[in-house]
Structures are given as C-alpha cells and as structure tokens.
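A.B. asks: Pasting in a structure now, in structure tokens, and then I'll have a few things to ask.
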Amino acid sequence: MPLRIDVITIFPDYFAPLQLSLMGKAQQSGLVTIAIHDLREFTSDRHRSVDDTPYGGGAGMVMTPEPWGQAIDAVVTDQSTLIVPTPAGKLFSQPVAAELAHSTHLIFACGRYEGIDQRVVEYYRPRIDVRELSIGDYVLAGGDVATLAMIEASVRLVPGVLGNPESLVEESHQLPGVEYPSYTKPPTWRGLDVPEVLLSGHHDQIARWRAEQSTIRTTHNRPDLLPGS
Ligand SMILES: Nc1nc2cc(Br)ccc2s1
C-alpha cells in the first residue's frame, strides 16, 4: 500500500521540487503518491480570499477556517494524519519522520500569514490524528518549506525508496550525536591530505577514529546531543 500524501497550499509551485531526484523516483516507483492542492480552489467568494483580521486584535492576518474545511474534507479518510506545520508545534525529528514514513495517508496543511484559525485543528482532532509540528526554533514565512523538509525526511525512510538501505542501517546505528566527517578522492586536494587512517584499511582503527571524530564534532557543534546532557 503506497504512502499517499496530500499537500494543501496557496503556493502549489513551491512543491515542484518533489518531482525531482529521490522524491520524483519514489513517486515513479509507486511507493509514494503526492498530490498538491491549491487552497484557493476551495474558496467561494469572487476574490478567492483565504484570510481575515484576527479576533482579539494584533498584527497580521489569520487564515479563515472554511476553505481549509472544504479542502481537507475533499481528501480526508479515517486513515488520515493531518499535519499542521507551525512554529508553535512539537519539534519534528528523525523518529517522527520514521513514524510518518509508515503512515497510510498524510495531509499537510501549509499555513501562511499568522497561521490557520485554530478551529481547523479543533474540528479534526476528535476525528483523525492531528499533529502540529515545527522544524525548528525559527519562524518561516509559511508552512510550505517546513512541509517540503518533512516530506523529504519521511519519504526517504519509506521502505524501498532509498536504493541502498545500507545507509539507513548506518544512520540507525549512528552514535548519539552528529556524524563523523567524510572524505573521498583525491587523496590530496589543494595541499590538504585525507586523514591517513582512512587509507590504512584497518577497519577497527577507522571505526575508532570515526567515533572519536563524531564525539569531537558533537561536543563542538551539538553538546545538547551528548549522552547525559
Ligand atoms: N518553523 C515554522 N515557521 C512557520 C511559519 C508559518 Br506562517 C507556518 C508554519 C511554520 S513552521
């Protein structure tokens, strides 16, 4: 059963990259089907409006609930998971990507402006799995880029999508922390040599060096990922 993904957005063109490379191949292989829907197709006024001023005042505009209700109703089933990208959401992560990769149907609601009227989440929450997710502690101009990132991170974990599942095995055995640095040919480049141990053929020494490099890098770049932190 392929993973079905429906994306609802006011900027369908943002999702053209999903036709390329690994994501494009995943769709051609039939492992994943991705459909992009223009929210404005679900409006009913002459101006095809999707936003209005916020109750309670404040800057910016809020996306009105009805077009979202119409758009989500057009694709939802009892197997759907509705994902709402928002800076206020739980943090998306590799474990969440793995969960989404094993879903049946994902609906991404890409908000803009100050976000979507909260009643959309409130309406669907009793009916289907609803997840408000953020991709990091920074604010984008909309949920579209966050959705692209979450789709790519999840779809690559769908069994059969990655040509070489070995790389997933390595990832899953990744020590807590960040990955070691990688090198390839030439052995010397602009006077810089590849670390000798990597050319030695001593696999135990190479594994030890890589573990050390991972720890050094994690300590420097991501001490929050160190064990016991
Ligand atoms: N980090 C994130 N920023 C945003 C902004 C908007 Br507007 C909608 C969704 C997201 S997710």
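Placed from the backbone N, Cα and C atoms, the Cβ positions cover glycine too.
TrEMBL does not curate its annotations; it predicts them automatically.
The structure displayed is predicted, hence computed values, not measured ones.
Here's the feature list from TrEMBL:
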type	residues	note
DOMAIN	3-226	domain 'tRNA methyltransferase TRMD/TRM10-type'
BINDING	Gly111, Ile135, Gly136, Asp137, Tyr138, Val139, Leu140	S-adenosyl-L-methionine binding site
A.B. asks: Of Asp137, Val139, Leu140, listed as binding-site residues, which ones have a Cβ less than 6 Å away from ligand 1?
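C.D. replies: So the answer is Val139, Leu140.
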A.B. asks: Can you give the largest Cα to Cα distance in Å, as a whole number, for the residues Gly111, Ile135, Gly136, Asp137, Tyr138, Val139, Leu140 that bind S-adenosyl-L-methionine in the record?
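C.D. replies: 17 Å is the greatest Cα spacing among the residues binding S-adenosyl-L-methionine.
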A.B. asks: Might you list, by sequence position, any residue in that chain lying six or more from Val139 (S-adenosyl-L-methionine binding site) with a Cβ less than 8 Å away from its Cβ?
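C.D. replies: In sequence order, Pro87 meet the Cβ cut-off.
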A.B. asks: Taking the Cβ of Leu140 (S-adenosyl-L-methionine binding site) as reference, which residues of that chain separated by at least 6 in sequence fall under 8 Å from it?
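C.D. replies: Pro87, Ala146 - these are the non-local Cβ neighbours of Leu140 (S-adenosyl-L-methionine binding site), listed in sequence order.
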A.B. asks: Average pLDDT across the domain 'tRNA methyltransferase TRMD/TRM10-type' (3-226)?
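C.D. replies: Taking every residue of the domain 'tRNA methyltransferase TRMD/TRM10-type' (3-226) together, the mean pLDDT is 95.
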A.B. asks: Near Asp137 (S-adenosyl-L-methionine binding site), which residues of its chain come within a Cβ-Cβ distance under 8 Å, counting only those 6 or more away in sequence?
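C.D. replies: Residues satisfying the criterion: Pro87.
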A.B. asks: What number of additional C-beta atoms lies within 10 angstroms of the C-beta atom of Gly111 (S-adenosyl-L-methionine binding site)?
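C.D. replies: Around Gly111 (S-adenosyl-L-methionine binding site), other Cβ atoms within 10 Å: 26.
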A.B. asks: Near Tyr138 (S-adenosyl-L-methionine binding site), how many other Cβ atoms are within 10 Å of its Cβ?
C.D. replies: 7
A.B. asks: Which chain-mates of Gly136 (S-adenosyl-L-methionine binding site) that are at least 6 residues away have a CB under 8 A from its CB, listed by sequence?
C.D. replies: Leu91
A.B. asks: My understanding is the cutoff is Cβ-Cβ under 8 Å with a sequence separation of 6 or more in the same chain; which residues meet that for Ile135 (S-adenosyl-L-methionine binding site)?
C.D. replies: Pro85, Leu91, Phe92, Ala146, Ala149, Met150
